[in-house]
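Q: These came from Swiss-Prot, pasted as-is:
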- D78: active site (ACT_SITE)
- E144: active site, proton acceptor (ACT_SITE)
- H76, D110, E173: Zn(2+) 1 binding site (BINDING)
- D110, E145, H359: Zn(2+) 2 binding site (BINDING)
Amino acid sequence: MPTTEADTTPASATLALAFDLLRRHSVTPNDAGCQALMIERLERLGFQVERLRIGEVDNFWATRGETGPLLVFAGHTDVVPTGPESDWQYPPFTPRIDADGMLCGRGAADMKGSLAAMVTAVETFIEAHPDHHGRLGFLITADEEGPAVHGTRAVVEHLREKGVAPDYCIVGEPSSSERLGDTLKNGRRGSLGGTLRVKGVQGHVAYPHLARNPVHEAAPALAALAEAQWDAGNAFFPATSFQISNLQAGTGASNVIPGQLEAVFNFRFSTEVTAEALKARTTEILDRFALDYTIDWTLNGEPFLTTEGALIDATVASVEDVLGYRPQLSTGGGTSDGRFIATLGAQVIELGPVNATIHKVDERIRAADLETLSRLYATIMQRLFT
């Protein structure tokens with residue numbers, strides 16, 4: 001790993017905060033002090049902060065203002081593991097700007113850069129509009145890259161119990177594809193996971209009449225599931241996808257018929273179908289084959305979609321004003337914490353940096369994009385609240 005110094009001097013308030021966040025070894029579910037940095041800045045602006053330690057996870061909920069629509073900035077301070085640090089061009093928790101103007105470090109894109117831009121955008125907006133209309137909020141967790149049980153999901157339930165209902169939410173996930181702001185995520189597919197266990201009778205391969213092979217019995221059923229059309233999608237979502245991700249059977253010996261097959265699968269589903277309908281149809285297909293089976297289901301998130309409204313209008317117009325081009329609306333990609341916040345009735349979008357290097361060795365984004373992203377967030381607030 002080279003130790004030659006690149007530019008380690010932040011050129012703006014947004015980059016300075018990003019550097020401070022990137023230095024923290026906040027591998028999920030550890031926050032490593034990132035939230036304290038954000039809270040200190042927000043409290044100076046008059047935010048009321050509620051620290052929420054849920055299980056072993058740090059979260060916080062912060063609000064400013066008493067009346068009017070509530071805009072929430074949402075994100076996560078945790079990052080994925082780096083893998084061998086020797087594979088990185090620079091140490092992953094020593095942020096720097098390289099000779100190409102790229103901000104390098106684990107979390108630069110996903111999503112400490114966005115967090116820094118959110119904080120400085122709010123600082124800029126409040127300085128210019130101290131008596132602004134509406135309310136501002138932050139929902140920040142350190143449990144997004146891991147199980148995502150004690151993070152945003154749990155905080156949302158806490159807010160639901162308190163009767164808090166955000167009107168708008170901007171999630172800072174890296175939504176952009178090739179250049180900043182070219183893509184806005186205005187929805188995400190739902191995710192439904194299942195573990196299918198098909199029971200057979202173990203035996204010797206030379207005596208199949210004394211055994212029952214669950215692989216042979218399950219194969220036609222799995223093929224039927226893979227070939228099924230679950231829906232046709234719609235203008236915003238592709239057709240629902242069924243994928244088998246893991247298949248396990250046998251003892252490892254070549255002369256033993258297995259006694260059980262286990263198949264792990266996942267649906268990524270659109271708003272054209274419900275999780276309950278997918279479960280029912282899966283059961284109906286499997287029952288055709290007279291299998292001895294069980295299924296354990298895990299609903300990771302319902303689909304959500306923001307098709308129109310003040311948030312979409314303000315965001316699209318802000319991208320056009322600041323960047324000079326119109327963003328594309330997309331529901332592609334994996335799940336995000338927006339799926340939990342949408343259940344509170346909020347209009348939800350995702351707007352963040354280019355995602356080309358997320359979860360990769362040498363994660364990086366254009367350093368100049370962070371100051372532009374901060375301007376975008378501030379412009380959205382101006383359009384909504386002035």
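Cβ atoms are placed via backbone N, Cα and C, with glycine included.
I'd like these features described in context: how deep, what's nearby, how far apart.
A: Counting only same-chain residues at least 6 apart in sequence, those with a Cβ under 8 Å from the Cβ of D78 (active site) are S26, V27, T28, P29, N30, D31, T141, A142, D143, E144, E145, G146. According to DSSP, D78 (active site) sits in a coil region rather than a helix or strand.
When secondary structure is read from DSSP and collapsed to three states, E144 (active site, proton acceptor) falls in the coil class.
For D110 (Zn(2+) 1 binding site), the count of additional Cβ atoms within 10 Å of its Cβ stands at 27 [all protein chains shown].
The DSSP secondary structure for D110 (Zn(2+) 1 binding site) is helix.
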Q: Taking the recorded Zn(2+) 1 site as H76, D110, E173, identify the other residues of that chain whose CB atom sits within 8 Å of the mean position of the site's CB atoms, giving them in sequence order.
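A: Here the non-site neighbours turn out to be G75, M111, S114, E144, E145, V171, G172, P174, S336, G352, I358.
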Q: Other than D110, E145, H359, which residues of the same chain sit close to Zn(2+) 2? List them in sequence order, counting a residue when its Cβ is within 8 Å of the Cβ centroid of the site.
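A: Along the chain, the qualifying residues are V79, V80, G107, M111, I358.
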Q: Please report how many Å separate the Cα atom of H76 (Zn(2+) 1 binding site) from that of H359 (Zn(2+) 2 binding site), as a whole number.
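A: Roughly 14 Å, rounded to the nearest whole number.
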Q: What Cα-Cα separation, expressed in whole Å, is found between H359 (Zn(2+) 2 binding site) and E173 (Zn(2+) 1 binding site)?
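A: Checking the Cα atoms of H359 (Zn(2+) 2 binding site) and E173 (Zn(2+) 1 binding site) gives a distance of 12 Å.
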Q: Which residue, out of the recorded positions E144, E145, E173, shows the minimum number of other Cβ atoms inside 10 Å of its Cβ in this structure?
A: E145
